[in-house]
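A quick write-up on the structure given underneath.
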Amino acid sequence: MESSDKVVETVIVGNYVEMESEGKSNNDMKSKISNLFWHGGSAYDAWFSCASNQVAQVLLTLPYSFSQLGMLSGVSFQLFYGLLGSWTAYLISILYIEYRTRKEREKVDFRNHVIQWFEVLDGLLGKHWRNVGLAFNCTFLLFGSVIQLIACASNIYYINDNLDKRTWTYIFGACCATTVFIPSFHNYRIWSFLGLLMTTYTAWYLTVASLLHGQVEGVKHSGPTKLVLYFTGATNILYTFGGHAVTVEVMHAMWKPQKFKAIYLWATLYVLTLTLPSAAAVYWAFGDLLLDHSNAFSLLPKSPFRDMAVILMLIHQFITFGFACTPLYFVWEKVIGMHECKSLCKRAAARLPVVIPIWFLAIVFPFFGPINSSVGSLLVSFTVYIIPALAHMFTFKSAAARENAVEQPPKFVGRWAGTFTINIFVVVWVLIVGFGFGGWASMTNFIHQIDTFGLFTKCYQCPPPPGSPPPFLPHAGAPRPAPANITHRHHL
C-alpha cells in the first residue's frame, strides 16, 4: 500500500516538480528577485493566501455581528464555523487530488491550464454538478468582489469625508480593475504576506483601541434580542469562515498540492486569534451602539493609528478583490477562448468586462454589513459547505470508489463512516440554520435597508449634516442609542 501511495504522489506533483526545476534553472539576480516576490507555490504561500483571504473587511463587521448575537453566541459561532469551514476545505482538497490524479493518469497536461472547482465537479460527477457548482461559485465570487468595493468606500470615508461613499466606490472600482494584470495565484506571494500583516495590525488596533477607550457611558449588551438579528449575525460569521471558494485555484498554484489538506485549518486557527479578541473588545466597549454601526471604525475616535488601520485595510481589500475576482477571470477566459494565451496584455484586456458588473452592483447595494449576511446565507451556504459535502459523498458512494480513493479518510474521524456522518451533519445544519433561518433573517434585514436607504444610496450610514435631525437607522425594531453617549477617553 505504501508503494502505491508513493506512485500516486509522484503522479500528482509531476508537473509541479518540473515547473519548479525550470524556475530554478535561471540563477541571475532578476530571476531570484522575481521568484522571491512574484512566483509562489510552497505550502507557506498557500497558508498566507488562505489566512489573508479569509479575514478581510469582515473583520470590521464582526463586532456588529456580536451585537446581534451576544458575546457567548458570537464566540461559539466563530469556533463552530471555523471548524466547519476547515472540514469542507479539506473535502474540496481531497476531491481536487482525486480529479487531478485521474486526469494525469490519462496523460492530461495542466501546464497551461488552471483547474477550477466546477471542472473538478464535472470530471468526478458530471455536467449537472458542474453547472450547479459553476453558478453558485461564480455568483458568490462576484458578490465577494462587490463587498470588497463597498468596504473600500466605507473605510476611506472615515479618513476623507469630502467625497460621499458612492463617489469613493467609483474611484476604487477603477483602482481594483488593475487586478486584471495579475496572471494567477502563483503571483500573489508578496501580496498575501503583506495582506496578512495588514489585517493583523488592524485586528490588534481594534482590540487595544477599544480596551483603552473603555466602555461608553450607559453601555448596554442586550443581544440577542430578536431572532432576525440573531440569525443575521450568525450568517455573517458563516460568511467569515466560508472564504475557501478559491481553494482549488490556490491548490493548483502549489508545487505539491497534496500538502494543502491541513493548511486551511492552520490558517483558521490563526484567523481566530485576530477575530475573537477584536470583535469581543469592540462589543465590550460599545455594546448596542454597534447595531447601527456595521463598520467598527465608525465608533473609534479619529487618530493616526486608526488612519493607518484604514489605509492598510484599503490595500488589503484591493488584494482580496483580486483573490475573489481571479477565478472569475479564469472562467471568462475559458468562455472566450483566451485562457491559454501567452500575452499578459491581451488576457488583461479580455478580463476587463468582468469588473463592470461588480462595479455596478457595488453602487446599487452599498449596504456594508447586511450584504455580508445575505451572501453568506444564500451563496456561501451552498458554495463552500453543502455542495462540497454532497459531492464528496456522491463521489465515494460506491465501495469500489472508496477502495480506490487516492486519499483515505483519517482514523480520528472514523474513516468512511465517520466522514459520511460529518458530511450529513454539515448538509443538514447549514441547510436549515444557514440557508433556512439565516436566509430569512438576512434577507429581511437586507430588504429593510433598501426600504430605509433606497438603492443607489449616496452615502450609506453616513452622519447627518450639522443641524439636521438624525435619520432613523432601524435594526429590526430596537431603539437607537443616542450618539451623545459616546465619550472618547483615550485616543489611540
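Count begins at 1; order follows the chain as displayed.
In case you wondered, yes, glycine gets a Cβ from its N, Cα and C as well.
All TrEMBL annotations are machine predictions without curation.
Note that the structure is a prediction, hence the values are computed from the model and not measured.
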**Prompt:** Can you say which of 36-59, 228-251 is given as transmembrane segment in TrEMBL?
**Reply:** 228-251
**Request:** Count, for each of 134-156, 228-251, 263-286, 375-395, 416-440, the Cβ pairs lying under 8 Å from the transmembrane segment (308-332), and report the range with the highest count.
**Result:** 134-156
**Prompt:** Residues sitting near the transmembrane segment (375-395): Cβ under 8 Å, six or more positions beyond its termini, same chain?
**Reply:** 84-85, 88-89, 91-92, 94-95, 98, 121, 124-125, 129, 132-133, 136-137, 139-140, 143-144, 147, 235-240, 242-245, 401, 419-420, 423-424, 426-427, 430-431, 434-435, 438-439, 441-443
**Prompt:** Is the transmembrane segment (263-286) in contact with the transmembrane segment (193-216), using three or more Cβ pairs under 8 angstroms as the rule and ignoring pairs under 6 apart in sequence?
**Reply:** yes
**Complete:** One stretch in 134-156, 168-186, 263-286, 352-369, 416-440 has more Cβ pairs under 8 Å to the transmembrane segment (228-251) than the rest, namely 416-440
**Complete:** Of the listed stretches 134-156, 263-286, 416-440, the one with the highest count of C-beta pairs below 8 angstroms to the transmembrane segment (352-369) is 134-156
**Request:** Report, as numbers and ranges, which residues of the same chain sit near the transmembrane segment (134-156): CB under 8 Å and 6 or more residues beyond its ends.
**Result:** 56-57, 60, 116-118, 165-166, 168-169, 172-173, 175-176, 245-246, 295, 297, 310, 313-314, 317-318, 320-321, 324-325, 327-328, 331, 357-359, 361-362, 365-368, 371-372, 375, 379-380, 382-384, 387, 460
